[in-house]
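What TrEMBL records for this protein:
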type: DOMAIN; residues: 146-210; note: domain 'Phosphatidic acid phosphatase type 2/haloperoxidase'
type: TRANSMEM; residues: 27-50; note: transmembrane segment
type: TRANSMEM; residues: 56-77; note: transmembrane segment
type: TRANSMEM; residues: 98-115; note: transmembrane segment
type: TRANSMEM; residues: 121-143; note: transmembrane segment
type: TRANSMEM; residues: 155-184; note: transmembrane segment
type: TRANSMEM; residues: 190-210; note: transmembrane segment
Amino acid sequence: MREQPLTLDKNTPLATSQLPHIRIARYLSAILSPIVISIPAVFLVALSQAANQYTALGYTALTLFFLSVGPMIYIAIGVKMGKLSDLDVSKRSQRTGPFLFGLSSALLGLIALALTRAPRALQSVLLATIIIGVILLIITVWWKISMHAASLSGALTILTIIYGAICLPAYVLLLLVCWSRVILRRHTTGQVIAGSIAGVLLPWLLLTCIGF
């Protein structure tokens, strides 16, 4: 299947790319990216069962090192070497390598959490994240599902499972990130909808199976 245009810069006149709604979409896409949202999400999961906030911060740092920092460094190096198009890895054909590295890093993180006796909630969520990552990798081989939408909806679903209905209003952020990805032509409407649905259903099913 033909991939979507990667950026507005190559497909849209400069004047159009500087329109206010385009700039807003770029900001939203950046601050609601998988790397950024993983920070508060992991901390809140750790905090739900940690002895105190300092312990939660420690486990958050450990988890993020394997879940986000390592993969981000891998992608940044790939971009600098010209092997990857950008930090979003917009080209579907380039996503397999970062996916495999990220899954391997997350698996090491899960082992580290087990060895340090991290909160069960954090271990369960990371295990579910790895399994979801494998599923999304398989989908990505054929179709460019939205990782922004899947990551945000997954994080919100996990936090709703842990903290309850108080998290539901935050789902408005999902609408915003989906809008931004379509406006920026990084994904089609179908791709962000599919990512959103996957992010809701997969964590719920997997955490239920795990017995969380």
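Glycine too: its Cβ is placed from the backbone N, Cα and C atoms.
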Where among 27-50, 98-115, 190-210 do we find the most Cβ pairs under 8 Å to the transmembrane segment (155-184)?
27-50
What mean pLDDT does the predicted model reach across the domain 'Phosphatidic acid phosphatase type 2/haloperoxidase' (146-210)?
95
When secondary structure is assigned with DSSP, how many helix, strand and coil residues does the domain 'Phosphatidic acid phosphatase type 2/haloperoxidase' (146-210) contain?
58 helix, 0 strand, 7 coil
